[in-house]
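The structure appears right after this line, and notes come after that.
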């Protein structure tokens, strides 16, 4: 081995004259203790280390170890994949919900109660058929109570039957806008489809203000829902579209250009070749003649009003027309229906018809062709639909313009995009692995053999860890955070690999192969065990987290780190044995000499850092192997270690200043001020998630809210009723006239279209004259130009800049010529100096636009100097010069014919009614006040995961709704009157049904004048009751709160406290015997806010726990307080500086950042612990020195010389392995990678500077870690740990029991 690969001691800077007699002293010591040494070695030879050394020095035995090391992981993996239940990939956002928290238990109890009552819980409105028995049962119970009180119920005999579902709710258990695409949840939902009625509301269109509605329309729909005899008549799936205005200050979506873009997108989706095979075909579409012959339902969109179609003199509001109607008039008609507000944002008012976004839905129907019902092979139908709808993702991703951002989601489409995003991010691990492979190949001095087995040992350990995770620990779900393991384990595993390779190379002075191998296993194994143990313990601290995803991540990472250490420790010595003995001419270095080994090794570790004379170059036979490591070692010695030791006091002072500044920045770091960001801000997924907090009725299906279902065909108005598309100032255009289409076929309020007519006068000369006019008729002898010879009879342009049509051209006229004036086209102003004056200007495009044509113009260079416009260059090439002001090309809008619906104003004659009052459409968090439920029983649950059975409800046996009816009505009024918590009209105290409102006042006077909710027509109340066996077991009242769902969890927590405080005050005012005092309030949004709050808190607790574990581990391993103190100070500085960097980067402390911080301690301790381990190993070789300061500094230098290459190589590989995470679309991945990279860079910098300086300053000079010191340190750690545990338990007993 090269001597350059093994510089055993730094020389030149230090006065080492004391070492001159080193060799003689060592020989004397050897002679004095020779007998004792041989006896000890004989015991070692016959013990465990002798057997281990013998195995790893025999190539055939090492090969057998490698074979077993490869076969065992593959065998375990085969058993896991073939014989065990498959792992579920849980990508859902709900995987972060804390099921054991009180807020989650409350909401889950209500969820289970509703499911057991209604049979299912879906986000869509259902047909009321099938639930009438429940509604009638409750009404009969109430009437029975009235009869018992002797009330006159004759007036109630003709009470209207309930029109909705008893206790229907619009909440979601698995909300689509919080899901990543959980395949398990999807399967569970699919199984429920068999028992769920069609998701269509019967009375959606039964608005009392629409006198023109046919009386039998409801009966027609009810007959349609009676069976499944019609294909694709049940709206089962959908695509959600959100069009967001951008590029302007006001960002009003209702501009002609944006509306044409939206219309183009909707038509494009309907033109898909397979659209008719999956589209929804309601029977109402049969009356819309333009929809034939397929009669597929058009998108549920406001464009059904804005782009009506015409057939047979009637206007159909289906959005299939080619031209834009009058915008203000169409919106004025649409706003007469409350359903209008479902499509727009909350800022729109009747006085200001402007919205920043526009929603649209395209529904798809079932059963599909070749299926006779929804229950006929539902999974197969769903798979067919999924294969079809995912084709829209690529189409929709290309439709955004500078004015309109197109966002898309919906059934299967959103989940598919999430899955693709996750898989694409995981593919970056391959790139990371490739980079690491190249780097390891270089750092192993271009050894393919070492590179292969080093990385293979890491990969095999992952298979073993997965087996333990799934089979032994019984975890059935692999969460999204576990995907980070593919990146992080590469850096952690390579650290262990480098330590083994470096230790093996640095032991080249040991000529006995067995002695060298045993030393490598003991030294490298112990060093890597210390770091792997602390890292695994830091990850394992996350297993105490209440968040399932974080718990599973901590368990998986601790297993994978432990297995990585084990597999590297088993395979790398075998690989090094084969590599060393199968190389060229290794006989001198590797001599199998058991006798020499037994005679030469002491009971303690062979001293690698011996100060004996270095092996000469001639002894090395490894050629160029280790050259890279040798050069890196030399650089670290001369440029890092020596300067740091010399300037150690200065570095410690700088460290103190950096620590103080970092602590100050840590105090300035604020909690998150917004909801968690799951994807990059500019992605379709994240923008859709952000907007869903602001969308109207995001949890309410509105597939029958468009003009197709809300309006009857109108008779076409006369031409005189036509107005402009926006303000009415556009001149009336005859139906036979032609008009151009802009880039989006639109007119603008700032400038209309011009028709420029071209006239020609043939003077009998070679060059005729051309004239341009805005009038279709001019005096003789001018004649209209024909299209022959390339001439253009007319073209169209804009009178003012419009979109990309912003290039101005001027028509100049000069009367200086006789007998007739001349006209000229120019891109510049008219030259008044040559007696040209401007006649009119128009605007065209300089580049090609949609629906435009290219025209050429040029001015003749000889008299009479005419300007000509033609369709092709041959007719306009009057000169061979370059393009200029009077010669070139432009793009003009294409002329199209005006349809009868262009500019149509349905409200021109005052026919439209008054605007509808904005209903409450679930834009605020829906809070439920529940009575009759005590909690939830989860004793049968073996885990805390969100997938699977939620448990069973514990009902209150003392709850009697009839005895408490007065208190319930009083509570309903009191809560709804609190305007700070509840929106006006947001109280939904009763289930849907007019009969309940009529009967309750007869039971108690407090039930008079109960607040009425302001809901969409056909929307069912969120209030619910649970009945079984003729008894009401529970009741829940719903209130739409003023809480905005887009706020951060920490800001929303104050709203939760206000609700909790107010309700407890109301319940405390009730009689002590009332069962209502055990009521509670719950909300799905509360689950989400506590998810983040608890995530941050538990991550910080995990950080402290991992710090305590690391302190205990380091204290035991180092067995000296002066070795523990440098590590603690280094870790403290690293963590504080990482948090300070987060503050400098503008980050906030959210769940993602907190979870990432929880592993910092385990990642930070590795490098400094390696350095301390090297410091301990260097103690045996420097025992002859007398002065403590010199010994302390030399031990520090030798430690840096020993482990410097390994830890720097590990740090570089770790950083490179996490760099691909920076480019992940999933923000938790990207944030995690950035934090790990920052932490790794800071850790290696602190280790090489701060830890080195601290060891050189305060490290024990003569301490060598005797076994008795380790036992003492273990005892002290146990005592401190027990005392700390007792104190924590005592404090927890006196801590207040709160929800947080």
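The backbone N, Cα and C atoms fix where each Cβ goes, and this holds for glycine too.
Note that TrEMBL annotation is computational and uncurated.
According to TrEMBL, the protein has these features:
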- 18-33: compositional bias 'Acidic residues' (COMPBIAS)
- 473-578: domain 'SSD' (DOMAIN)
- 1-38: region 'Disordered' (REGION)
- 60-82: transmembrane segment (TRANSMEM)
- 427-446: transmembrane segment (TRANSMEM)
- 452-472: transmembrane segment (TRANSMEM)
- 484-504: transmembrane segment (TRANSMEM)
- 524-541: transmembrane segment (TRANSMEM)
- 553-576: transmembrane segment (TRANSMEM)
- 1099-1117: transmembrane segment (TRANSMEM)
- 1124-1145: transmembrane segment (TRANSMEM)
- 1199-1229: transmembrane segment (TRANSMEM)
- 1235-1257: transmembrane segment (TRANSMEM)
- 1269-1290: transmembrane segment (TRANSMEM)
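For the domain 'SSD' (473-578), the mean pLDDT of the prediction comes to 84.
Listed stretches 427-446, 452-472, 1235-1257, 1269-1290 were compared with the transmembrane segment (553-576); the greatest number of C-beta pairs under 8 angstroms is found for 452-472. Counting Cβ pairs under 8 Å that are 6 or more residues apart, the transmembrane segment (427-446) and the transmembrane segment (1124-1145) reach fewer than 3 and are not in contact.
Same-chain residues lying 6 or more positions outside the transmembrane segment (1269-1290) and placing a CB less than 8 Å from one of its CB atoms are 1108, 1112, 1115-1120, 1263. Non-local neighbours of the transmembrane segment (1199-1229) in the same chain are 7-10, 421-422, 424-425, 428-429, 431-433, 435-436, 439-440, 443, 480-481, 483-484, 487-488, 490-492, 494-495, 498-499, 501-503, 506, 527, 608-609, 629, 632-633, 636-637, 640-641, 677-680, 683, 685-686, 1152, 1155, 1166-1167, 1170-1175, 1177-1178, 1236-1237, 1240-1241, 1243-1244, 1247-1248, 1252, 1255; each lies 6+ residues outside the stretch with a CB under 8 Å from one of its CB atoms. The transmembrane segment (60-82) shares more Cβ pairs under 8 Å with 452-472 than with any other stretch in the list 452-472, 484-504, 1099-1117.
Break the domain 'SSD' (473-578) down by DSSP state and the numbers are 89 helix, 4 strand, 13 coil. Listed by sequence, the residues of this chain that lie at least six past the ends of the transmembrane segment (484-504) yet keep a Cβ under 8 A from its Cβ atoms are 426, 428-429, 432-433, 436, 440, 443-444, 450, 454-455, 457-458, 461-462, 516-517, 519-520, 523-524, 527-528, 531-532, 535, 553, 556-557, 560-561, 564-565, 568-569, 572-573, 576, 580, 608, 629, 1166, 1170, 1203, 1205-1207, 1209-1210, 1213-1215, 1217-1218, 1220-1221, 1228-1229, 1232-1233, 1236, 1240.
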